[in-house]
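Features as listed in TrEMBL:
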type: TRANSMEM; residues: 20-40; note: transmembrane segment
type: TRANSMEM; residues: 60-84; note: transmembrane segment
type: TRANSMEM; residues: 110-131; note: transmembrane segment
type: TRANSMEM; residues: 151-170; note: transmembrane segment
type: TRANSMEM; residues: 177-196; note: transmembrane segment
type: TRANSMEM; residues: 243-266; note: transmembrane segment
Amino acid sequence: MKRLLSIELQKIWQNRASRVLTLTYFILLSSIALISSINFKFVGVDFRLADMGIYNFPFIWHFNTFIASQFKLFLAIIIVSMMANEYSNGTLKQNLIDGLNKREFIMSKFLTVVLFALASTAYLFIITLILGYSFSSYNETEIVFMDLEYLFAYFLKLVGFFSFCLFLGILVKRSAFALGFLFVWFIFEFVLIYMVRIPKTIYDFLPLESMYRLISQPFTRFKLYQTLESQVSGATQVRDYEVHLSTILTVMAWIVIFMLMSYKILKKRDL
């Protein structure tokens, strides 16, 4: 396992674009902390988001994981490019000649996907703790570590999305076309859900939609939003913000499907 992972990390580190994208991704994650110091003016009133309770435990776990998950495309580009470079540079064929079988090759890619997701999750965990202890009104241990299921959902969301990107990279071979296919698939799901209006029992199982639903939007949990909503409509709508086991199992199933399909494609393909 260490050998397979070290091979992939060496390839990524030797690629300048991958290094830049990785660095950019973690800088963007750090930008979550910068939001706390920004002053906004609304109806003539100055306020900071940090003073609005968004960094209060345990809500901060929900808010940070949702915001951080929007940056995942940067690492997805690395995953797709990593696979495309195997074909364009001939390293895939060379690795197989050197004794790496196709199952080990897929495993090395999947381990890289998991490592990226783990590193991102650990980094976000540290940032969230720092921000929470700096701005939260609640620092009791039992409150601080509530809602950690959002962190697990974030990790699973990254693994699922990166696995999909890896599958597309193997299927299409070229990074630009793979990313284009990803965008087309996003539009396809959007049309099915919001225009064709397929039943919820069906679209809940679509790959990108199921990954998105792992972490629901947190903005309607803001006290300011709920206050405005109650003033306008006379009541606050009850919403579901839970991380559901059914969604977790759906995303896990897609991860397995993507990896099996990647292996089958590679196994049948003449290199």
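Numbering starts at 1 and runs along the chain as displayed.
Keep in mind that glycine also has a Cβ here, set from the backbone N, Cα and C atoms.
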For the transmembrane segment (151-170), distant same-chain residues with Cβ under 8 A (at least six beyond the ends): 61, 65, 68-69, 72, 75-76, 79-84, 109-110, 113-114, 116-118, 120-121, 124-125, 128, 178-179, 181-182, 207-208, 210-211, 214-215, 243, 248, 251-252, 254-255, 258-259, 261-262, 265-266
Residue numbers, six or more beyond the limits of the transmembrane segment (60-84), whose CB comes under 8 Å of its CB atoms: 8, 11-12, 15, 17-18, 21-22, 24-25, 28-29, 32, 54, 109, 112-113, 116, 120, 124, 127-128, 131-132, 136, 146-148, 150-151, 153-154, 157-158, 161-162, 165-166, 168-170, 173-175, 178-179, 182, 215-218, 221, 241
